[in-house]
Amino acid sequence: MEQFKGLQKSLYIWTDSGELDKRVQALKEATGGEVAVENVHRLSFSSYANSSFDLIVIECAQLTDNYVKLLHMLKPSGKLHLFAYIGPAANLLQEIKLSGFINCSEDAAANTLTAEKPGYETGSSARLSFAKKSPSMNVWKISGDDEELIDEEELLDEEDKQKPDPAGLRVCSTTGKRKACKNCSCGLAEELEDEKKTKAATENAKSSCGNCYLGDAFRCSTCPYLGMPAFKPGEKVQLADNLLKSDI
């Protein structure tokens, strides 16, 4: 029992009550901690919490098949000690290993078996990292101290701020002459046609009353010469384009 010295809390599972007090006292002296007592036939009805004991000692181990329950009752790296067992130790060791215990060993001279609970809690998980992590490259990381901001006012020149001439936006004006293309779609063909008609009407303007040359006092209300000074009879007067068009 010297290998269990320093364990704080132990459980002694007994089958024979004869000299039980002496065996429990010997375990207390060996460990230096507390020792709880439980009957092997009442083990399945016990309600011990998980990870309650540092050491569990069982006498006559063939009388219990609750090794999984004992595994849960032990703390991580807790010890399981069996003595006074009957039969081949190999079969008992195999059963203990299949229940989750590790580091199982036999002391044939003392007729004892010792096993250990793994150093982690039952049901716990750990992250496994099999692949090597490649160092991340800060490709898109920009330092504000090293990067200068662009002044928006410097993006435009004075030429960019000038408004373009509407006449220069027409496709037909690329030739340098005011001549409409064959399939004109910019409106220049209609504009030139209106100018042509207006010019013809201006040149052929005639007086219907014969008093147009006398001045506004003698002109009709719809006379195209209204507002113009008097002129000599037969004198050719060129009218502005807007005077020959309707105001509505």
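Heads up, the Cβ atoms here are built off N, Cα and C, so glycines get one too.
Looking at 40-43, 96-99, 220-223, the range tied to motif 'Cx2C motif 2' in Swiss-Prot is 220-223. Using a Cβ-Cβ cut-off under 8 Å and counting only residues 6 or more beyond its ends in the same chain, the region 'Fe-S binding site B' (209-223) has close neighbours at 229-233, 235. Closest to Cys184 ([2Fe-2S] cluster binding site) by Cα-Cα distance, out of the binding-site residues Cys209, Cys220, Cys223, is Cys223. Cys212 ([4Fe-4S] cluster binding site) carries a helical DSSP state (H, G or I). Comparing Cα positions, Cys181 ([2Fe-2S] cluster binding site) lies closest to Cys223 out of the binding-site residues Cys209, Cys212, Cys220, Cys223.
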